[in-house]
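In TrEMBL this protein carries:
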type: DOMAIN; residues: 1-444; note: domain 'Major facilitator superfamily (MFS) profile'
type: TRANSMEM; residues: 76-96; note: transmembrane segment
type: TRANSMEM; residues: 102-128; note: transmembrane segment
type: TRANSMEM; residues: 159-181; note: transmembrane segment
type: TRANSMEM; residues: 187-210; note: transmembrane segment
type: TRANSMEM; residues: 250-274; note: transmembrane segment
type: TRANSMEM; residues: 294-316; note: transmembrane segment
type: TRANSMEM; residues: 328-348; note: transmembrane segment
type: TRANSMEM; residues: 354-374; note: transmembrane segment
type: TRANSMEM; residues: 386-409; note: transmembrane segment
type: TRANSMEM; residues: 421-439; note: transmembrane segment
Amino acid sequence: MHFSNFTMITQRVSLSIAIIAMVNRTQQPGLFNTSTERPLAFTFNHSNRSIKEFNTAEVSVYEWSPETQGIIFSSINYGIILTLIPSGYLAGIFGAKQMLGAGLLISSLLTLFTPLTADFGVILVIVIRTVQGMAQGMAWTGQFTIWAKWAPPLERSKLTSIAGSGAAFGSFIILCVGGLISQALGWPFIFYIFGSIGCVCCLLWFTVIYDDPLHHPCISIREKEHIVSSLAQQSSSPRRSVPIKSMVRCLPLWAIFMGFFSHFWLCTIIITYLPTYISSVLHVNIRDSGVLSSLPFIAAASCTILGGQLADFLLSRNLLRLITVRKLFSSLGLLLPSLCAVALPFVASSYTTTIILLILIPGTSNLCDSGFIINTLDVAPRYASFLMGISRGFGLIAGIISSTATGFLISQDSVSGWRNVFFLAAAVNMFGLVFYLTFGQAEIQHWAKERTLTRL
């Protein structure tokens, strides 16, 4: 699961680092965004030109303005939204293994074809990214169907945080080596390499993953009995319908949804625009921009795992109630990154302080993984995959709005634009935090419990 998250995020973030080399930085913002290909001039008069420069000169440059880049970045979220809810529901009925594996395979193949589609225009790039988002939406939500059958209640924070840390680790790797790959081999190889890694991951997925512990041939009987007995109190009976009306009226669910919306707003900006921010504000080249952009995700992966361990420790020792743990980690994961984001515009002149704050934002933000991110497993384990699809849908809507708004704001004026971007993100985070603290719960809701019907 960790490897699948690693693969999907590298394929998603590949464009964020590659676009620095793909886009013609000398263009004027007012140009129309038709992704007109314009080959870089290459002359053979300079015999001492390095291989690195040769590879960079061969690739194409596209005239995509910040507004167009924002649309391209957000297009993958459109695709994910289209499949989140139906795939979450179907995964709960038919099993998550096939659906998640198929989504991962499709995403990997489309990643391999991304450089080719760029030559045919920006419209086709948007279409490919949208379809890729649909594939990743199938994969994201299927995970919680698996966790509902594999993760004992007192180990959920730890297991889901380890799996989720694959996304942070993947972001670190792609941003760290993406710039190096772009300079050494050319930006298309970013997509070729990580698309191929995804295909390898698919082979492993279909080989070693099973939908539930009862059908896994390799785990010990003791481990199987431990998992099954720990989940015995949860309903495992097949559901005939989803109580939509009860869900709509459930404020604890809306608290989770608002938490996702706030969390994804800032996270999408960081994941999508971090290389661009470092390149434009700190004025570094693509190689250094990629390396610096990768550093925050080491902190994110570490905080995700440590947060999960700490949350389960607090619960296993009965030091805090479940709802207290969820609200504590949600508060830390929304408040701390907001403070860092607000401070960023005021320390832009300090290279070191800027990097430190950029490292802290994703690191502290991932503490939410032990908060509202897994809260659906507490309040409605029977419908965890379906509700995770809806939750991520709210998060991706936030990602679409924040990506598009960021592209618009920084195209008007770079300095004031970035300031407004971070202030707005902090405000959204505070809204989500207050809503979750007010209405969040951790008890199984009445409509999510198994009912025994009697006939008169």
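Just so it is clear, glycine is given a Cβ too, placed from its N, Cα and C backbone atoms.
Quantities reported herein were computed from a predicted structural model and do not represent experimental measurements.
At the 8 Å Cβ cutoff, the transmembrane segment (250-274) and the transmembrane segment (328-348) share at least 3 close pairs (sequence separation 6 or more) and count as touching. Of the Cβ pairs linking the transmembrane segment (354-374) with the transmembrane segment (294-316) and spaced 6 or more residues apart, 3 or more are under 8 Å, so the two regions touch.
A contact between the transmembrane segment (386-409) and the transmembrane segment (328-348) is absent, since fewer than 3 of their C-beta pairs, 6 or more residues apart, lie under 8 Å.
When pLDDT is averaged over the domain 'Major facilitator superfamily (MFS) profile' (1-444), the result is 81. Tertiary proximity for the transmembrane segment (159-181) is limited to same-chain residues at least six positions away from its ends with a CB under 8 Å from its CB atoms, namely 1-10, 13-14, 16-18, 20, 143, 147, 150-151, 187, 189-190, 193-194, 271, 274-275, 285-291, 293-295, 297-298, 300-301, 304-305, 307-309, 311, 362, 366, 369-370, 373-374, 377.
Here the transmembrane segment (421-439) has Cβ contacts under 8 Å with residues 251-252, 254-256, 258-259, 261-263, 265-266, 269, 327, 330-331, 334-335, 337-339, 341-342, 344-345, 371-372, 398, 402, 405-406, 409-410 of the same chain, all six or more residues outside its ends.
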